[in-house]
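Take a look at the structure below.
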Amino acid sequence: MNLQKFPRYPLTFGPTPIQPLKRLSAHLGGKVELYAKRDDCNSGLAFGGNKTRKLEYLIPDALAQGCDTLVSIGGIQSNQTRQVAAVAAHLGMKCVLVQENWVNYHDAVYDRVGNIQMSRMMGADVRLVPDGFDIGFRKSWEDALADVRARGGKPYAIPAGCSDHPLGGLGFVGFAEEVRAQEAELGFKFDYVVVCSVTGSTQAGMVVGFAADGRADRVIGIDASAKPAQTREQILRIARNTADRVELGRDIASGDVVLDERFGGPEYGLPNEGTLEAIRLCAKLEGVLTDPVYEGKSMHGMIEKVRLGEFPAGSKVLYAHLGGVPALNAYSFLFRDG
């Protein structure tokens, strides 16, 4: 496998820490050891997160092409668009963000706080569009790219989640290589890695990275899209493309993509009672915050899998914390009593 042939623009602090979740593990019976890899703490650029790790591989391509404007898309409380805005500000580039109405949630300040507030503060051209949720390419995004060109700019297209991009899976191949180095220091290997999946390139990159030592199917995706068939197809497609690019040396089979569909409801961006319980439990036991859209759902999935005995006793499970906490302010009514 050859990730090193791809240029990488450093936007993160370096390897993200692995933190034992001792109190949560004990609360769930102590038979499974839970850890978190804190990609939510990976950068000084507007709170960072998993997209910042991905952007390290997209930015060299943007600069090599002489682009002057980063153009991306997400929901109103998109972590992706906030991280793209931060990177654009850091590099002195322009930024156009298409923010669609992906979440059926209504709050008086939903479009004025959290991620979208930060994007505006960092100088991004934020464009609100009423279209609903979908992980595919969007006409509103293509229109924004055309608008930048019409105005004489040179846009760089960054799809939702950095995912359906030729280089979108590379960052989390690097995540797997980083984990292997940390495992050597810790003196043990993780039996499972739990990760939230929506647009797919985070899990896809992990699948490829961990396939290098036979652990592709130990990456347990927790669907948060509530459209798992579409998400699964995109994970597999991105993983296969990424495997070819990094010269993995083996095919990615459909069985290498494990996606648990039980925790994504009721729909994208809306938590269920299990999501909210998991958010509160992790906060109170560990002081670790998760959000209602992504990490709360993957935390719920991990907790339930422990409770149901789906991880064998003695397993060491690594939870990939991808970020998302800036969106909590937009859901303040849900947590008005804690």
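These residue numbers are counts, starting from 1, taken along the chain as shown.
Keep in mind that glycine also has a Cβ here, set from the backbone N, Cα and C atoms.
For reference, Swiss-Prot has these:
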- Ser78: active site, nucleophile (ACT_SITE)
- Lys51: N6-(pyridoxal phosphate)lysine (MOD_RES)
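If you measure from the Cα atom of Ser78 (active site, nucleophile) to that of the residue listed as 'N6-(pyridoxal phosphate)lysine', you get 11 Å. Of all the recorded positions listed here (Lys51, Ser78), the one with the fewest other CB atoms within 10 A of its own CB is Ser78.
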